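First comes the structure, then the notes that go with it.
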Amino acid sequence: MPFPNVSELRPSFVLASVPGPEAQAWMAVLLCCAYGLALAANCAVLLVVRLEPGLHAPMYFFLCMLAAIDLALATSTVPRALSFYWFGAREIGFGACLLQMFLIHSLSAVESTVLLAMAVDRYVAICHPLRHAAVLGGAAATKVGLAAVARGVLFFLPLPLLLLPLPFCGSRELSHSFCLHQDVMNLACANTTPSVVYGLTAILLVMGLDALLICLSYLLILKAVLRLAAWKERLKVFSTCIAHICVVLAFYVPLIGLSVVHRFGRDLAPLVHVTMGNIYILVPSVLNPIIYGVRTKEIHRRLLSLI
């Protein structure tokens, strides 16, 4: 059999866009506004925690990690999407696509791990408050952050490596405004079973396992809260978890929605795929700092004083 040529092994992919110039203009405006809001809000959280000595605690360290991840995730995708909405540059090189794909999946894994660490922090603070400082001190929080980064890199680095030798000889138009593993993999004209199996395994062992452990943490928290006698005490204790629950939902609901669209929505309009992809990238980046800025009095107060 003849060897595939260079254009088949190292193709340029075409990023998807919404049909119609008017829809593209509106999408560009929405992306630009959402990206600007994500930059401003997450940078504000980082600045507030950095300047306020009273916020130098594990919970706020994890919050800073969350803000940094959201900044990196949005910056790795939105500027490239805006470049073709504004300048018509729809093609993305093979190497750039694989790098973007790795960043999206690995950063999502790191964010999932940080959300799990924040759930454990809430569990220890509510169920074992006397051991909170010993279990989740500054050194322990730093180790958790490093472990989250290492976990994301190790689990999702094989994804682009498995796609690297595959030929792409058919359509090269993606379903989203950025590169995702399943989207790129479906364009390969070769056996993708190893990539399918490993991708599903990595998702289940990282995001799936984290979601189960977060649910378990909140079941234990709920059990401890229900032991309290007064309803006011129950509400006061559980209210410290509201912000984290909202952030978890803002991360996992778009992730599940995007997975469902990939699995069952192949016949849906391109607008649905592009919109779901942008929601998956931008909703957590925009909502996370706003949720914690509103729910956390210390951040709220310090931010107002800075303004």
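Going from the start of the chain as shown, residues are counted 1 onward.
Just so you know, glycine gets a Cβ as well, placed from its N, Cα and C.
Whatever TrEMBL says is automated annotation, not expert-curated.
Residues or ranges marked as transmembrane segment by TrEMBL: 25-48 (among others). Same-chain residues lying 6+ beyond the ends of the transmembrane segment (25-48) with a Cβ under 8 Å from its Cβ atoms: 17-18, 55, 63-64, 67-68, 70-71, 74, 78-79, 81-82, 85-86, 274, 278, 282, 285-286, 288-290, 292-293, 299, 302-303, 306.
Annotated domain 'G-protein coupled receptors family 1 profile' per TrEMBL: 41-292, in sequence order.
What TrEMBL lists as transmembrane segment is 60-86 (among others). Sequence-distant contacts of the transmembrane segment (60-86), counting only residues of its own chain at least 6 positions beyond either end whose CB sits under 8 Å from a CB of the stretch, comprise 15, 17, 24-25, 27-28, 31-32, 34-35, 38-39, 42-43, 45-46, 49-50, 92, 100, 103-104, 107-108, 110-111, 114-115, 117-118, 121, 138, 141-142, 144-145, 148, 177-178, 247, 278, 281-282, 284-285, 288-289, 292.
Positions annotated as transmembrane segment by TrEMBL: 92-120 (among others).
Here TrEMBL flags 132-157 (among others) as transmembrane segment. Through the fold, the transmembrane segment (132-157) approaches residues 56, 58, 61-62, 65, 102, 105-110, 113-114, 117, 120-121, 124-125, 202, 205-206 of its own chain, all at least 6 residues removed from its boundaries and within a Cβ separation under 8 Å.
TrEMBL lists 196-221 (among others) with the feature transmembrane segment. Remote same-chain residues near the transmembrane segment (196-221) are listed as 105, 108-109, 112-113, 115-116, 119-120, 122-123, 126-127, 151-152, 155-156, 158-159, 162, 181-182, 185, 238, 241, 245, 248, 252, 255 (criterion: CB distance under 8 Å, separation of at least six residues from the stretch ends).
According to TrEMBL, the transmembrane segment annotation covers 242-265 (among others).
Beyond the transmembrane segment (271-294), the same-chain residues lying 6 or more positions past its ends with a Cβ under 8 Å from any Cβ of the stretch are 16-19, 23, 27, 30-31, 34-35, 37-38, 41-42, 44-45, 63, 66-67, 70-71, 73-74, 77-78, 81, 104, 111, 175-178, 180, 243, 246-247, 250-251, 254-255, 257-258, 261, 265, 300, 303. The transmembrane segment annotation in TrEMBL covers 271-294 (among others).
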Outside the transmembrane segment (92-120), six or more residues from its ends: residues with CB under 8 Å to it: 10-15, 59, 62-63, 65-66, 69-70, 72-73, 76-77, 80, 136, 141, 144-145, 147-149, 151-153, 155-157, 159-160, 163-164, 178-181, 184, 202, 206-207, 210-211, 213-214, 217-218, 244, 247-248, 251, 255, 281, 284
